[in-house]
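**Student:** One structure is given below, represented as structure tokens, and several questions about it will come after.
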Amino acid sequence: MAWFKRVTPSIRTTDKRDTPEGMWAKCDSCGAMLHKKQLEDNLFTCPQCAHHFRIAPYKYFSLLFDEGECTEFDQNLRAADPLSFTDTKHYPDRVHDTIEKSGKTEAVRNAYGKCEGADLVVSAMDFGFIGGSMGSVVGEKIARAADRAIQLDAPLLVISQSGGARMMEGAFSLMQMAKTAARLTRLGEKKLPFISLMTDPTMGGISASFAMLGDLNISEPKALIGFAGPRVIRDTIKRDLPEGFQRAEFLLEHGFVDMIVHRKELKQRLAKTLAMMRVEV
């Protein structure tokens with residue numbers, strides 16, 4: 001026999017409702033829980049701390065081009081396997097599995113269209129495809145984007161989001177650093193602006209090549225930008241690094257970045273800057 005007897009009925013709760021996956025996202029910076037719709041409306045930036053989430057190229061296209069309308073080109077280029085490279089799996093298998101899993105075909109997408117009524121060519125990298133690494137296809141597509149800009153007599157914007165060179169392609173990957181830099185020189189010869197937008201992360205061979213060669217180097221807030229990662233540097237020199245080292249704000253303070261632009265202001269600032277750069281004196 002129980003010593004205590006409940007006189008009043010217990011609190012009744014309704015059955016728990018299943019919450020669809022992907023409805024909420026946690027901010028990596030401040031930890032705030034954000035509803036997907038709220039995040040989309042805020043261009044995938046945290047309304048509390050302004051942390052910029054990584055976004056895919058097509059979202060940049062939607063943001064930058066008028067009415068989100070653009071024409072993509074060079075979509076069918078695919079990576080080869082010149083070294084017959086194998087780590088935990090064969091390189092072609094890794095590429096195939098990434099395509100199957102992500103629905104993406106490479107770590108960069110090219111498009112052209114109108115930005116505030118003016119022609120613009122955009123080459124946008126995607127960290128979601130093998131860390132946004134630059135292999136022979138990525139280098140070729142960025143080079144072709146420069147060619148298309150010359151053909152259209154239009155500015156070129158390259159959006160960097162990469163961990164660096166694609167080591168599975170060895171020297172073929174490293175060659176793309178020189179290849180892209182050389183092709184961008186042609187833009188300068190034609191007096192066409194090249195704008196580099198660095199997002200989180202812009203590292204390794206990307207920062208050591210085209211990402212730092214812009215007529216204007218722009219960054220999103222708090223983007224990680226550098227060659228080797230901060231942990232590698234710290235372990236090598238055996239010293240603590242300055243606070244904020246390799247973040248966009250640190251680079252702006254030391255003259256490596258020209259401006260930091262919030263994603264909400266990107267299209268307007270870009271259009272105004274390009275209009276000034278194209279004025280004939």
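Sequential numbering from 1, following the chain as shown.
Glycine residues also receive a Cβ, built from the backbone N, Cα and C atoms like all the rest.
Quick paste of what Swiss-Prot says about this protein:
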type: DOMAIN; residues: 23-281; note: domain 'CoA carboxyltransferase N-terminal'
type: ZN_FING; residues: 27-49; note: zinc finger
type: BINDING; residues: CYS27, CYS30, CYS46, CYS49; note: Zn(2+) binding site
**Student:** Around the Zn(2+) site recorded as CYS27, CYS30, CYS46, CYS49, what other same-chain residues have a C-beta within 8 angstroms of the site's C-beta center?
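**Tutor:** Output for this site, in sequence order: ASP28, SER29, GLY31, ALA32, LEU34, PRO47, GLN48, ALA50, HIS51.
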**Student:** Please work out the helix, strand and coil residue numbers for the zinc finger (27-49) from the DSSP assignment.
**Tutor:** 6 helix, 4 strand, 13 coil
**Student:** Relative to the Cβ position of CYS46 (Zn(2+) binding site), how many further Cβ atoms are located within 10 Å?
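**Tutor:** The answer is 21 other Cβ atoms.
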**Student:** Of all the binding-site residues given, CYS27, CYS30, CYS49, which residue's CB has the most CB neighbours within 10 A?
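**Tutor:** Sorting the candidates by Cβ neighbours within 10 Å, the top entry is CYS27.
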